[in-house]
Amino acid sequence: MMMMMRTLPGVTSSAIEHVSCQSNPSSPTIARAQYGLPRSQASRLHAVSNSTSLKITLTCNKLSFNPFLAGELLGLSSCVKIGPAVRRAPVHKICAQAADASASDAYPEGSVKAGDVEVPKPAMGRVKIGIYFATWWALNVVFNIYNKKVLNAYPFPWLTSTLSLAAGSAIMLISWALRIVPAPDVDAEFWKGLFPVALAHTIGHVAATVSMSKVAVSFTHIIKSAEPAFSVVIQRLFLGENFPLPVYLSLLPIVGGCGLAAATELNFNMTGFVGAMVSNIAFVFRNIFSKKGMTTGKSVGGMNYYACLSMMSLVLLTPFAVAVEGPKAWMAGWDVANATVGPQIFWWVVAQSVFYHLYNQVSYMSLNEISPLTFSIGNTMKRVTVIVSSIIIFHTQVRPVNAVGAAIAILGTFLYSQAKQ
């Protein structure tokens with residue numbers, strides 16, 4: 001957290017360049033003698049220097065220091081050491097940035113605290129989150145549209161899954177090489193912790209793509225809205241976790257809505273249904289492994305974490321894609337797609353590959369800015385956006401009872417996200 005404060009009146013920029021707060025800070029007498037300060041100003045400066053173990057930089061209009069670093073160096077919370085300094089000087093401006101992504105939404109009601117001072121959360125932070133959400137949903141809708149177009153004309157889900165991971169890996173490698181994005185500083189322990197996450201991510205990605213190749217996009221996402229139910233069951237059976245009663249009750253509309261939607265789906269396909277279910281299970285395990293993997297090795301930000309995840313998933317998926325489908329089948333299918341659709345099939349593949357990486361990257365970036373509850377709500381609304389848009393674009397026939405089942409399942413997902421918190 002960086003804090004900007006008005007300096008003491010009467011102190012010129014040439015009078016004081018900086019004060020280094022060490023074990024024996026300057027006394028008020030020395031301050032008055034060296035800098036010609038009045039007694040009241042020298043005493044206030046001495047109080048500030050005694051309150052932190054940081055280097056405090058004074059200019060003619062601001063005083064800045066890093067309280068998180070102060071807390072780490074002293075082994076104390078930042079508010080313990082900074083509180084006196086904040087009370088002894090008028091606050092000019094306070095901009096808060098959490099050091100831990102999981103705590104970045106610690107004050108969701110719009111206020112943050114620095115010492116004993118409570119200030120409004122900057123409006124630009126909320127605007128930034130809104131932009132993340134809008135971009136995340138829009139990119140996801142575009143990906144699903146092009147993904148379905150590609151799979152209708154070129155039904156090779158294992159290859160298209162591999163290409164989407166390859167595109168994301170290439171984008172990030174180029175970004176690191178050109179220093180558009182700082183390359184992550186990772187170690188062997190990080191990659192070791194990432195492996196089970198990447199394995200589950202690979203299975204979930206391929207299973208979802210296989211599902212979309214067999215059934216409507218809307219149906220796949222309706223079934224995938226049952227992921228919370230799998231999460232509760234798996235964590236209960238494998239991790240022994242207990243949940244409050246409202247969480248279990250919220251699973252009833254999820255399971256019931258998905259069951260009603262599946263039973264009334266006009267284009268029901270067992271492979272598509274099983275693929276969506278396997279994707280749910282895989283992504284639940286990915287989330288569980290992520291909690292353990294994120295604490296292993298060096299810490300990596302959201303954008304680079306997903307980049308590393310894509311690269312490892314690509315390495316895991318490529319040999320299986322070659323074994324299951326094979327280059328000969330890919331070439332023969334490509335000739336058919338070119339004859340049927342035309343040259344635009346190439347641009348469809350590029351679009352679905354690039355937009356897959358972009359929407360996932362933005363979702364990981366948004367997770368750095370918001371709480372898990374806000375992320376869950378955003379993910380639920382994203383699924384609604386995808387279902388509605390795919391029905392409109394692909395003219396998917398939906399029975400009224402099927403729509404009711406989908407609505408019940410989505411409502412249950414929303415209730416789950418509320419009850420889970």
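For all residues, glycine too, the Cβ spot is worked out from N, Cα and C.
Quick look at what TrEMBL lists:
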type	residues	note
DOMAIN	128-417	domain 'Sugar phosphate transporter'
TRANSMEM	129-146	transmembrane segment
TRANSMEM	158-178	transmembrane segment
TRANSMEM	243-262	transmembrane segment
TRANSMEM	268-285	transmembrane segment
TRANSMEM	305-324	transmembrane segment
TRANSMEM	336-358	transmembrane segment
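Tallying C-beta pairs under 8 angstroms between the transmembrane segment (305-324) and each of 158-178, 243-262, 268-285, 336-358 places 158-178 first.
A Cβ distance under 8 Å defines the sequence-distant neighbours of the transmembrane segment (129-146), meaning residues of its chain 6+ beyond its ends; these are 212, 217, 221, 348, 351-352, 355-356, 358-359, 362-363, 365-366, 369-370, 374, 378, 381-382, 385-386, 389-390, 393. In the predicted model, residues of the domain 'Sugar phosphate transporter' (128-417) average a pLDDT of 88.
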